[in-house]
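Lifted from Swiss-Prot, the feature list:
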BINDING   LEU125, GLY129, HIS130, LEU131, GLU250  (6S)-5,6,7,8-tetrahydrofolate binding site
SITE      HIS233  site 'Plays an important role in substrate specificity'
MOD_RES   LYS234  N6-(pyridoxal phosphate)lysine
Amino acid sequence: MSNTQSFFSQSLAERDAPIRSSLLKELERQQSQVELIASENIVSRAVLEAQGSVLTNKYAEGYPGKRYYGGCEYADEVESLAIDRVKQLFNAGFANVQPHSGAQANGAVMLALTKPGDTVLGMSLDAGGHLTHGAKPALSGKWFNAMQYGVNRDTMLIDYEQVEKLAQEHKPSLIIAGFSAYPRKLDFARFRAIADSVGAKLMVDMAHIAGVIAAGRHDNPVDHAHVVTSTTHKTLRGPRGGFVLTNDEEIAKKINSAVFPGLQGGPLMHVIAGKAVAFGEALKPEFKTYIDSVLANAKALGEVLKAGGVDLVTGGTDNHLLLVDLRPKGLKGTQVEQALERAGITCNKNGIPFDTEKPTITSGIRLGTPAATTRGFGVAEFEQIGRLILEVFEALRANPDGDRATEHRVRSEIFALCDRFPIY
């Protein structure tokens, strides 16, 4: 066999055994652990196939029908399908599906609608916002005069009066609504009214709840915001990537120019193929059933935890995620994250509003139901998971460094549970 023939015929196992080994171990991890990281999900085999397709070979700078390279006929077909499907999904007039991530989508909006030094107003990271919404370590916090709003100390709900006060005082060019750890619905109409009162543009980052919105279980921000950004994974259950929506043609032109050539070069066409497949899946009736299960499972998990004496930030959830305050249990986020992983449950440590712990420690964890719901878990399974989490909590209270016997027993139950709901 010639070198050329082997290049195209050898499998990954034949060509790169160490990488193949790592991938197999990661597959086994995903198969045998309960994934409760709220920003993660499990894609369909169809999405995997699209993302692993020959489109990974293709450069396609520009947009459908206006490329800077030849040979883009089929790339155009794929991107056009992705655009049409996401517009239909969210009832939007214009869409850009090229951003490589949600952060890139947010950056493109800022490049299009603001200039360095402008004032932007977003939710603080401490209150549940995202790095890209003006946090000091991020570009948005370095290039802009970033003002941050938070939550009410008593209710832990977004303090809309504070949002309005800050907007009136600082006159931002851009107001950002969205979060990475907030379990309640957002009042997009109120955000828009505040933005209009000071002449600001409103950007909604719906990354976490895009699937919930697509299923019609949350108000659609496209009806209120000047521009909407999102990731394609999380509750949308697609590949890792981003997109931008708007109903304003002039803003759409600015967004397109900001994404390319302003922020990115060639789009990742194999990822856009995966996005198109995921958008198509989300347009099917069964996706609404899936989201209904995600929401029901989150409520069920929350009720079990509350019954076990766990404090939930805001007292519960309206979406797919729960923010757990560990202080009443005398536990830390890092400690719990590690113990749960040893027990076969993956989550992430997370700061809670007004947290006094370092971000590397935290006083909370964030839990989400999308991934485990994808593999078929229902209310009964999430109630079982809730009870197992409580067992780990109580064992940690007695043994702060971890109770290996409890963790091993819980791990055995988790393995049996996952074995009933296989993936891939």
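A Cβ is built for glycine as well, from the same backbone N, Cα and C atoms used for every other residue.
A quick note: this is a predicted structure, and the numbers were derived from the prediction, not measured.
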Review point. What span in Å does the (6S)-5,6,7,8-tetrahydrofolate site cover, taken as the longest CA to CA distance among LEU125, GLY129, HIS130, LEU131, GLU250?
Key: 31
Point to revise | Other CB atoms within 10 A, centred on GLY129 ((6S)-5,6,7,8-tetrahydrofolate binding site) | key: 26
**Study point:** Per-residue Cβ crowding (10 Å cut-off), top of binding-site residues LEU125, LEU131
**Key:** LEU125
Study note, to complete from the structure: Cα of HIS130 ((6S)-5,6,7,8-tetrahydrofolate binding site) to Cα of HIS233 (site 'Plays an important role in substrate specificity'), in Å and rounded, measures 16
Review point. Within 10 angstroms of the C-beta of HIS130 ((6S)-5,6,7,8-tetrahydrofolate binding site), what count of other C-beta atoms is obtained when all protein chains are considered?
Key: 23
Practice item. Please work out the number of neighbouring Cβ atoms within 10 Å of the Cβ of HIS233 (site 'Plays an important role in substrate specificity'), leaving out its own Cβ. Key: 27
Practice item. Measuring Cα to Cα, tell me the gap between LEU125 ((6S)-5,6,7,8-tetrahydrofolate binding site) and the residue listed as 'N6-(pyridoxal phosphate)lysine' in whole angstrom. Key: 19
Review point. Rounded to a whole number, how many Å is the Cα of LEU131 ((6S)-5,6,7,8-tetrahydrofolate binding site) away from the Cα of LYS234 (N6-(pyridoxal phosphate)lysine)?
Key: 17
**Study point:** Distance from HIS233 (site 'Plays an important role in substrate specificity') back to GLU250 ((6S)-5,6,7,8-tetrahydrofolate binding site), taken between C-alpha atoms, in Å
**Key:** 28
